[in-house]
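One structure below.
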Amino acid sequence: MDSHFLGLTAIVTLGYQLTFFIITALFRFDKVTDFAGGTNFIILAILTLVLKGSWHFRQVVLSLFVVIWGLRLGLFLLMRILQWGEDRRFDDKRDNLGKLAIFWILQAIWVWTVSLPVTVVNASDKQPSVHAQDIIGWIMWIIGILVEITADQQKLVFKNSPENRGKWCSVGLWKYSRHPNYFGEILLWWGVFLASTPVLEGAEWLVVFGPVLITLLLLFVSGIPLLEASGDKKFGNVAAYRSYKRKTSPLILLPPGLYGSLPQWFKTILLFEFPLYSRNLPQEELSWNRQNQQGSSRTDPKMS
C-alpha cells in the first residue's frame, strides 16, 4: 500500500508538527520551532531506515547525514533562540491563530518534501553498489555541512561580541558570501539528492522537489530576501555596507575582488544577485546600481 513510506512519513510529520503547534498556541512558547523542524527530519530518517530493515550502506550513510544535520541545526538554533529571547518571526503570529497554523503547516510540508530523497532511498528494494554519484554527493554534503557550521559559528561569535553591536558580519566566510550558511545548506541537500539517484526509477525522480524546494525557499521566500531587507533597513545609509553588498556574492563563496569586478548581468543570471535583494536600499543606491549595470552592459564585449 505505502511501499515508499510517503503516506506514513506524511502522517508522522503532520502529527509531530501538530503537537508543537498546540504547545506554541497554548503556552505562547515559540522557542521550539526550529527544534521541531530539525528533529522531525531525524525521526523520518530513522523510522524509514528501521522499518525497511535493509541496512544497505547507502541508506545508512544518507540517514546518518540527516541525523547529524538535524541534531546540529536543531540544537544550534534552539540554543540561539533561548539566548536571544523571542523569535521575531512570530511577532505577527502569536495572537493570530490562523497565521500560526499556516506557519506550522508550511513547516510540515517543508520537512516532508525535503526528506523525500532519503525516504525513497530507505524504502527502495533497489540498492546497487556505490556509484560516482554517491561519492560526489557525499563530498557535497561534507563541504556543505562544514560551511554551514563554520558560518553559523562565526556569526554567533561576531554578534556576541559587544564591540560588534550595530555592525553587519563580514568576517571569515562572510567576507566571501553574504549568506554562506545558506550556501552550505543548499549544497548539502543537493548532495543528498545526488547520492540518492542510483536507486531512482520513473516517478521516484520527483524527489528532486526536495532540494528544489529548499533552494527556492532560501533564495526567494524565508531566507535571503528577509535578511537582505533587514540589513538594508539597518545599514542602507552606510557607505561601507553598500560597498560590502556590491563586492560580496549573495550566496556562492567568491573573492570580493573577483565578484566586484563582474558585470551586473552576469551576477544576476549566474550568481543569484536578484533585484529583490536590493529593493530596500536608499533610492540613490538603487540608481547607482542601475547606472552600474548599464555601464557594464556597454563596456562588456559580450553584450555588444
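Including glycine, each Cβ sits where the backbone N, Cα and C put it.
Annotated features, as they stand in TrEMBL:
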- 6-27: transmembrane segment (TRANSMEM)
- 34-51: transmembrane segment (TRANSMEM)
- 57-79: transmembrane segment (TRANSMEM)
- 100-123: transmembrane segment (TRANSMEM)
- 135-151: transmembrane segment (TRANSMEM)
- 206-227: transmembrane segment (TRANSMEM)
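The list of residues near the transmembrane segment (100-123) in space but at least 6 beyond its ends in sequence, with Cβ under 8 angstroms from a Cβ of it, reads 3-6, 9-10, 13-14, 16-18, 20-21, 24-25, 33, 36-37, 40-41, 44-45, 48-49, 52, 54, 58-59, 62-63, 65-66, 89-90, 93-94, 189, 192-193, 195-196, 199-200, 204, 206-207, 209-211, 213-214, 217. The stretch in 6-27, 34-51, 57-79 that contributes the largest number of Cβ pairs under 8 Å to the transmembrane segment (135-151) is 57-79.
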